[in-house]
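S.K.: Sending over a structure as structure tokens; questions will come in a sec.
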């Protein structure tokens with residue numbers, strides 16, 4: 001039986017963000033795309049998935065790149081235009097709350113990853129996904145647990161997804177819900193707003209706290225949509 005590739009030791013012993021990608025490039029499996037999502041655990045707002053392809057070298061401008069959860073908001077905002085400038089290709093997908101409800105968050109997540117990779121203007125030779133196996137891709141792929149801290153392309157995708165989603169939530173015009181502060185996650189302030197106002201169109205009725213508040217507020221559950229009816233995408237191929 002042929003050995004699995006890349007070897008698990010490459011992942012376990014990676015001293016930096018580029019070791020795994022570099023091994024893939026050296027083996028002729030590039031370009032390597034990373035894919036990650038943000039908003040999976042939020043009870044309001046879209047699920048945002050990004051795919052990103054970085055070149056085999058790492059420019060000094062991306063020296064601060066890391067898992068988006070480990071970076072401050074200021075650091076993410078500074079990295080956002082740098083990643084877009086240096087990426088060989090990237091693609092961002094929005095999955096609306098109703099579509100998350102219709103498919104379930106995990107199925108919507110995986111479909112979003114497939115769409116993000118498919119939307120890349122540069123076809124990758126290999127895909128690294130953060131944590132989840134992504135079936136149905138037309139190229140080999142590998143799920144990497146904690147991938148946004150192991151592979152630079154996944155870390156870049158996580159920053160693209162995080163900044164894009166945060167900006168979207170800040171721009172929402174739904175007075176009283178405080179989306180700009182909690183970004184749709186369940187916080188005491190968000191729970192209080194739900195109790196006072198009931199759910200809005202940005203809320204996910206697949207979350208029990210939203211359903212409970214809808215029942216208390218006597219708000220009818222909206223009809224769920226289908227994947228792709230209200231979603232947006234964004235992408236770029238660098239020069």
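Placement of Cβ uses the backbone N, Cα and C atoms for every residue, glycine included.
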S.K.: Check TrEMBL: it lists 36, 37 as binding divalent metal cation. Then name which of 101, 130, 166 it lists for that same site.
M.R.: 130
S.K.: Just jot down the residues in the same chain as residue 37 (divalent metal cation binding site), at least 6 apart in sequence, with C-beta under 8 A of its C-beta; none if empty.
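M.R.: Spatial neighbours, sequence-distant, of residue 37 (divalent metal cation binding site): 47, 48, 49, 50, 109, 112, 113, 130, 161.
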S.K.: Can you tell which of 36, 130 has the least company, meaning the fewest other C-beta atoms within 10 angstroms of its C-beta, among these binding-site residues?
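M.R.: Checked 36, 130; of these binding-site residues, fewest Cβ neighbours within 10 Å: 130.
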